[in-house]
Amino acid sequence: MNIILLGPPGAGKGTQATNICQKYSIPQISTGDMLREAVKADTPLGIEAKKVMDVGGLISDDIIIGLVKERIQENDCKNGFLFDGFPRTIVQAEALKTDGVKIDFVVEIQVPYEDIIARMSGRRAHLTSGRTYHIVYNPPKVEGIDDITGEELIQRTDDAEDTVRARLNIYHKQTKPLVDYYQSWMNKNSDAPKYGAVVGVGTLDEVRDRVYAQLN
């Protein structure tokens, strides 16, 4: 089973991706991980990627697609795979299609943006230990203070409201069009991946069961 999981940052894709991969015994494939591994292994594509990264450039779609095609030929992908954070653009989706990479399911986790902002901007962290809290859903015993050490909690830069809104804006402009792309393809062609949307609001188990229902 070959799966693409879509959804905005903070929608809970990571948790659901782990659930899917465990249930179906398939690997979670991240382009970031692929790049790091290719660079470390000095593969031809890794060498090309490193040249671009060393000067602060953006990795081309050709390199990304090449890495993806290499990765899905490995033994652990024989039962399928789950793409995490890929494709990000229509160009990448078209390249997958052109190169004959079969996708069975595209699952979109939908969460209202204001809910995501509340989720992410409410996070607080104790950096030394890695403990995390939430001002609403999992508050510390004393506001702003770690339960164990009594030290101050901080809000990570990535969780600041302005940062979250900026990331959501990028997602809306760049990745959200993929939803329309896969919906349109499915409506026109029976061989297209099956697209389904899942409401990402609720308990982790509720969202998990909705995702499984789409895949079944």
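Numbers here mean position along the shown chain, with the first residue as 1.
From the backbone N, Cα and C atoms, a Cβ is placed for every residue, glycine too.
Values in this document were obtained by computation on a predicted structure and should not be read as measured data.
For reference, Swiss-Prot has these:
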- Gly10, Ala11, Gly12, Lys13, Gly14, Thr15, Arg123, Thr132, Tyr133, Gly202: ATP binding site (BINDING)
- Thr31, Arg36, Gly57, Leu58, Ile59, Gly85, Phe86, Pro87, Arg88, Gln92, Arg156, Arg167: AMP binding site (BINDING)
- 30-59: region 'NMP' (REGION)
- 122-159: region 'LID' (REGION)
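Under the DSSP three-state reduction, Arg88 (AMP binding site) is assigned to coil, being neither helix nor strand.
Note: Gly14 (ATP binding site) has non-local neighbours Asp84, i.e. same-chain residues 6+ apart with C-beta under 8 A of its own C-beta. For the binding site of AMP, formed by Thr31, Arg36, Gly57, Leu58, Ile59, Gly85, Phe86, Pro87, Arg88, Gln92, Arg156, Arg167 according to the record, the largest Cα to Cα distance is 31 Å, rounded to a whole number. DSSP gives Gly14 (ATP binding site) a helix state.
Taking only the Cα positions, the spacing between Thr31 (AMP binding site) and Tyr133 (ATP binding site) is 29 angstrom. Checked against Gly57 (AMP binding site), the binding-site residues Gly10, Gly12, Arg123, Tyr133 differ in C-alpha distance, with Gly10 being the nearest.
In terms of DSSP helix, strand and coil, the region 'LID' (122-159) has 3 helix, 13 strand, 22 coil. Across the structure, Tyr133 (ATP binding site) and Arg88 (AMP binding site) place their CA atoms 30 angstrom apart.
The two recorded residues, Ile59 (AMP binding site) and Gly12 (ATP binding site), show a Cα separation of 26 Å. Checked against Arg123 (ATP binding site), the binding-site residues Phe86, Arg88, Arg156 differ in C-alpha distance, with Arg156 being the nearest.
Here the region 'NMP' (30-59) is broken down by DSSP into helix, strand and coil counts: 22 helix, 1 strand, 7 coil. Within the model, the region 'LID' (122-159) shows a mean pLDDT value of 96, rounded to a whole number.
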